Amino acid sequence: MPYSEDTIAAIATPPGVGGIGIVRISGPLVEEIARRIFRPKKPISHLKSHHFYYGHIIHPENEEIIDEVMVVLMRAPHSYTCEDVLEIHCHGSPLVLKQVLELSLKLGARLAEPGEFTKRAFLHGRLDLSQAEAVLNIIQARTERELQFATRQLQGYLGQEIKRIRDCLREFKAHLEVAIDFPEEEVEIAPLDAWLPRIENQVLKPIKGLLQAYSKARVLREGAIMAIVGKPNVGKSSLLNCLLKEDKAIVTSIPGTTRDIIEEVLNINGMPIRVADTAGLRKTKHAIEAIGVERAWEKIAEADIVLLVIDVSRPLGKEDKEIYEKIKEKDIILVLNKSDLTPKIDEKVLKKEFKDLPIVHISALYGQGIEKLEKTIYHHLLGRDVSMPSFIPTLRHKQVLERAIEAINRIKEAMVNGLPAVFISVEVKEALDILGEIVGETTSEDILEYIFSQFCIGK
Ligand code: GDP
Ligand code: ZN
């Protein structure tokens, strides 16, 4: 199924003078163009696919020789675009390349748009979108490491992982559809409950793994971003000061004084960590504070790790839980501050309210427990393994994955609340579609356009 009727052509090598220069042509007219402008040195009946031929490019009307070349024809579907592709390897003169290109245009090809060869490879299903993006990343790589990741992405690892995740969701959706189609009949339907752990293990876990790989790679490259959150007066500024081991943030006992966000760079075991002391985080009607609060949430969204500070000398409040609700998808360490005072919070209650969060006791006032906290932060960010993950999603993929997590949480919620299969099925479809954006199955035309427009002409 050809994606388009027309034939595209472009100079595939960079502008300027070079040893050789290549004109690449793809589409239905390729054989015809080759026949008209290429004169092989030894006469042949036709061009064999994937064979190099030596000869001349000639003007089809006056037979004038334009250049001495090597050509290779790659017949569909065994080519980059899955269409017939002709590559003409000329001498690397911009003038020669221009003439050869113009000849092919005269014979019915049109000038390719940026990335159009790769776009055709994608539209013919030879590459998924993440692989097409990898081609771009390979071309644009500035370091060997970037190149290595892009090359791995081109192998399709990400696409395969996404496929496994979507297969599980598809199976679930099929299961739901049976429940929808035969509501009254006595069809053996496994209880939905059985699906919760599968969604947890086969969908959420791998997605979170991909996101962790992203932030780990970012952390190793640029250092981590950490946010300190908690209701007013729990000791966030005091903690930041402890971590900085110097008095930079303003510490005060009046709630909500830390209006603006102070950013500092910590150094834990040689790892740079940018810390935002995110003001108060309480709901406020005061305009100035509201701005601070808004920016605080933005910072938290960016953070690789969040310290949720709780004041143990006061009972656990609604506000603590509200803050937790907002950040629960982040990587959190629960910091129990003011442990020098008599505790008013039962640790069992904490374990129940904040499932499985690592807990560190500190006293910011007396500088106790800070070393332990630093160790926990470090291990949390890097784990035992401080090597780069084997492959990492790009920023676009990361954003899609985050949306997918939201959709999957809605699925879980619908299941836990016992909503009818029809509702759950809608959410599952949504999650499937979101994940499909990574491989390009459900990606909007705008995003495709944007991705391919970043390519150069001829790629
Ligand atoms: P923030 O609003 O969360 O930034 O809290 P601050 O750091 O401004 O601290 C609020 C109050 O709690 C100040 O009076 C601090 O001295 C006090 N405080 C902070 N940490 C501790 C601690 O570990 N123990 C005790 N007893 N008081 C603390
Ligand atoms: Zn503060």
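Using the three backbone atoms N, Cα and C, a Cβ is placed for every residue, glycine included.
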Which residue of Lys429, Lys459 does TrEMBL report at the same (6S)-5-formyl-5,6,7,8-tetrahydrofolate site as Arg24, Glu87, Arg126?
Lys459
Give the distance between the Cα atoms of Ser237 (Mg(2+) binding site) and Lys459 ((6S)-5-formyl-5,6,7,8-tetrahydrofolate binding site), rounded to the nearest whole Å.
52
Comparing the Cα of Lys236 (GTP binding site) with the Cα atoms of the binding-site residues Arg24, Glu87, Arg126, the shortest distance belongs to Arg126
DSSP three-state call for Lys236 (GTP binding site): helix, strand or coil?
helix
In whole Å, note down how far the CA of Asn233 (K(+) binding site) lies from the CA of Arg24 ((6S)-5-formyl-5,6,7,8-tetrahydrofolate binding site).
66
What average pLDDT is reported by the model for the domain 'TrmE-type G' (223-382)?
79
Listed in sequence order, residues with CB under 8 A of Lys459 ((6S)-5-formyl-5,6,7,8-tetrahydrofolate binding site) and six or more positions away:
Ala12, Pro114, Gly115, Phe117, Thr118, Val135, Leu136, Ile139
Most Cβ neighbours within 10 Å: which of the binding-site residues Arg24, Arg126, Lys236 is it?
Lys236
How big is the gap, in Å, between the Cα of Arg126 ((6S)-5-formyl-5,6,7,8-tetrahydrofolate binding site) and that of Asn233 (K(+) binding site), rounded to a whole number?
57
